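K.L.:
Quick one: the structure is below, questions incoming.
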Amino acid sequence: MRKLIWLGCLSYLVIGMAHVVAGAVLIQVLDRYGLNYADGGQWIMNQFLGFLFGVLAAPYITRRIGRRSALLAALGALTAAEAAYSLLPPWNWMLVVAPVAGFGFGLTEAVLGAVIIEFVVERKAQAMTRLEVFFGLGALVMPGIAALLIDAGVWQMVFPIVTGLSGITTLLWLTMSFGAADDLLAYSRPLAAEGIVKPAVRYNRAAMPLLIIGMVYFAIYVGMEMSFSNYLPAIMKEHTGMTEAAAASSLSIFWGMMVAGRLFSGKLAEWSGYFRYLLISSAAGAAVMALIAFSRGGGVGLMWIGLDGLLWSGVFAIGLLYVNARITGMTEKTTSLLIAAGGLGGALMPKLTGWFMERYDAAVTLWMLVAASSMLVVLLGLMAASAKRIKRAEARPVQAGRDAAENAEQGRDARRRRASEA
């Protein structure tokens with residue numbers, strides 16, 4: 001299982017790089033094709049649509065071909081798409097290839113997340129946050145690599161780099177053995193093919209409120225995180241009067257502390273419990289974001305930004321674990337829906353944030369983000385109440401069975417007494 005986790009980490013590093021590579025060289029790509037930001041937005045949106053399809057299709061694909069084959073298909077699609085980007089084909093072809101790239105990293109993220117949640121028994125939170133560490137490293141390193149290549153005048157080499165890493169990862173998934181875990185990744189023949197009819201597995205009614213609230217939680221969290229990180233340099237420049245270079249460094253501080261926090265957030269979550277960890281992180285993260293809104297000094301603002309990165313670092317991974325722990329037997333579908341909801345929030349909420357920046361100012365935008373992060377605390381309260389309802393619903397059949405057994409025993413006792421009296 002250790003080899004599986006480490007290859008999963010490499011895969012998450014690759015998809016972390018793939019998530020941000022288009023944005024890292026967006027200006028250069030638009031200059032190369034003579035396009036504007038609206039065209040660039042369409043390119044990014046096409047990738048997102050592919051990502052959404054890959055995430056939502058993950059349970060169906062893994063049922064049809066198995067988890068290892070699904071990962072090979074996903075990483076193969078990503079490798080092919082990045083190789084096509086490397087050729088800098090006509091723009092219409094770039095738009096056609098974009099959903100293939102998004103499908104590749106979306107399917108990889110959903111399948112691997114479900115595998116770790118479902119099959120890692122010990123230190124599950126640490127395994128999930130380790131994946132997130134490598135995702136964050138990929139997202140953190142890629143802009144730096146792009147900056148070096150842009151300075152060297154060979155910015156287009158970012159695509160072959162991702163192609164090579166993705167191709168190597170695909171070959172490792174194709175050739176490596178994971179011992180007993182191989183059976184977990186392999187395709188299993190449907191019972192229906194053997195004449196055994198298995199009832200369809202669906203969410204029970206008691207689980208639906210938690211699932212829906214969890215999806216809203218992920219949509220708001222990822223949307224807030226993406227909005228904060230995408231607009232952070234512009235917000236800090238306007239809000240504190242920082243120079244452009246200093247404002248740009250705020251993003252590195254935020255993501256650097258996010259990656260550092262993920263190194264120990266899994267241990268903290270296992271020690272404190274998933275729900276308590278999420279509640280403290282969400283409440284403290286909202287409070288620190290409010291302190292950023294109050295702060296007008298650049299140095300103090302950077303300190304709060306670093307602390308905020310630490311506080312939010314484990315929320316995504318631990319949130320996945322918490323919801324899956326309360327809704328049992330539906331790991332792949334639940335994980336896919338939560339990640340898809342997060343992706344949708346990450347696509348839509350930055351547009352709202354951009355509108356706030358355009359219509360109002362950085363201070364109002366920050367308070368909007370504070371309100372969004374505060375909503376997460378409210379949603380956690382609703383999730384806890386829903387989880388209790390699920391627990392009560394699961395306890396009813398058990399209690400009914402006990403009552404039936406007690407009634408049967410009492411009936412037998414009564415018959416024995418009547419027989420002895422006779």
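The backbone N, Cα and C atoms fix where each Cβ goes, and this holds for glycine too.
On a predicted model such as this, the values are computed, not experimentally measured, just so you know.
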K.L.:
Out of 23-42, 43-62, let me know the one TrEMBL marks transmembrane segment.
P.N.:
43-62
K.L.:
State the residues, same chain only, that lie 6 or more residues beyond the ends of the transmembrane segment (335-356) and have a CB under 8 A from a CB inside it; answer 'none' if no residue qualifies.
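P.N.:
Result: 45, 48, 51-52, 55-56, 58-59, 106, 109-110, 113-114, 117, 211, 214-216, 218-227, 230-231, 316, 319-320, 323-324, 364-365, 368-369, 372.
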K.L.:
Looking at the stretches 94-121, 244-265, 301-323, which one shares the most CB pairs under 8 Å with the transmembrane segment (133-155)?
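P.N.:
Of the candidates 94-121, 244-265, 301-323, 244-265 scores highest.
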K.L.:
Between the transmembrane segment (244-265) and the transmembrane segment (94-121), are there three or more CB pairs that fall under 8 A, provided the residues in each pair are separated by 6 or more in sequence?
P.N.:
no
